[in-house]
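According to TrEMBL, the protein has these features:
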- Ser52, Thr53, Arg54, Thr55, Gln79, Arg103, His130, Pro131, Cys132, Gln133, Cys261, Leu262, Arg289: carbamoyl phosphate binding site (BINDING)
- Asn161, Asp221, Ser225, Met226: L-ornithine binding site (BINDING)
- 3-143: domain 'Aspartate/ornithine carbamoyltransferase carbamoyl-P binding' (DOMAIN)
- 149-299: domain 'Aspartate/ornithine carbamoyltransferase Asp/Orn-binding' (DOMAIN)
Amino acid sequence: MKKDFLSITDLSAEEYEDILTLAARLKRQRYAGVPHPLLAGKTLAMIFEKASTRTRMSFDVGMYDLGGYALYLNAKETQLGRGETVADTARVMSRYVHGAIMRTYKHETITEFAKYASIPVINALSDKEHPCQIMADSLTLKEKFGDLDGLKIAWIGDGNNVCNSLIMASVQTGMEIAVGTPKGYEPDPAAVKFAKENGGKVTVYDDPVRAVTDAHAIYTDTWISMGEEDIKESKLKDFVGYQLDTALLNKAASDALVLHCLPAHRGEEITDEVIDSMQSGVWDQAENRLHAQKAILVRLMSLGH
Ligand code: CP
Ligand code: NVA
């Protein structure tokens, strides 16, 4: 395996499958109360430039479950906030901890940190990608459908970081991704190109109904990602017609699973009726962050970098 998990593309199809299998085993062990201290004595730095509920908690609890220790660092309150370089910070932290996760505005901050760190580094969300989220979602889809290969997943709304990782995961999983975004909010062309050139199935429409038709799952996310607060008003206008409501849900397969990485902005990208419906998989998705990330931590931090 590569030292770092910065992009969903860092995993081969075999590694992807192996992580999901391990995640399912760790989930069963946790439910059964079977101790699994696979990272006993290991420490993880968790560096955040942005807010988080799920990512922060699931990594922290995950390290505890694995017998290790996690250290939360608000980037602004470290010397990074006063101008110490990312490279120097990476060099120093590598002397204290066995791994690091990073949530940043710019993706390049994480790649820079990883370049100078001798320890494994995990992307906990950047402006480009959210690969840990997609591993948890893949576990959720596997639990519901058994096999990812051949599933049609519709992404509705903003072609954002989560969407980019989902698109590129079509390469390892065989999932077909149908994106429905307003014009101007399409996913990163590089992600679409990567998927298409490597055997992934991706179609981008500017019509939500075409995207969701016959889909096994419909995925949406906030229209206003962290850092976009100043363009909120214009974005809200541009996304009219892209809300995941019951009428749109009914265009998908009758047992289609509703996905949302959370936090949800109820009444904007999704209605209460849909997120609280029997078809909603969002709480399983949130739970599976824990199990999937524990598997990622074990695979990366057991390597002895
Ligand atoms: N889905 C997700 O990453 O949630 P948080 O922002 O709460 O970590
Ligand atoms: N696209 C959202 C995801 C939050 C988990 C954001 O970047 O804010």
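Cβ coordinates come from backbone N, Cα and C, glycine included.
Comparing Ser52 (carbamoyl phosphate binding site) with Ser225 (L-ornithine binding site), their Cα atoms are 12 Å apart once rounded.
Apart from Asn161, Asp221, Ser225, Met226, the L-ornithine site neighbourhood in this chain, defined by C-beta within 8 angstroms of the site C-beta centre, holds Leu125, His130, Asp158, Asn160, Val162, Thr222, Glu228. Residue pair Arg289 (carbamoyl phosphate binding site) / Met226 (L-ornithine binding site) shows a Cα separation of 19 Å. Taking the binding-site residues Cys132, Met226 in turn and counting surrounding C-beta atoms within 10 angstroms, the largest count is reached at Cys132.
Counting only residues at least six positions away in the same chain, the Cβ atoms of Leu262, Ala286, Arg289 sit under 8 Å from the Cβ of Arg54 (carbamoyl phosphate binding site).
Cβ crowding, taken as the number of other Cβ atoms within 10 Å, peaks at Asn161 among the binding-site residues Ser52, Gln79, Asn161, Ser225. The distance from the Cα of Gln79 (carbamoyl phosphate binding site) to the Cα of Asn161 (L-ornithine binding site) comes to 27 Å. Non-local contacts of Cys261 (carbamoyl phosphate binding site) by the CB criterion (under 8 A, 6+ apart in sequence, same chain) comprise His130, Gln133, Asp137, Val162, Tyr219, Asp221, Gln285. With respect to ligand 2, the binding-site residues Gln79, Met226, Arg289 contribute Met226 as residues with a C-beta closer than 6 angstroms to one of its atoms, given in sequence order. Contact annotation for binding-site residues (Gln79, Cys132, Asn161, Ser225, Arg289) versus ligand 1: none, no CB falling under 6 Å from a ligand atom.
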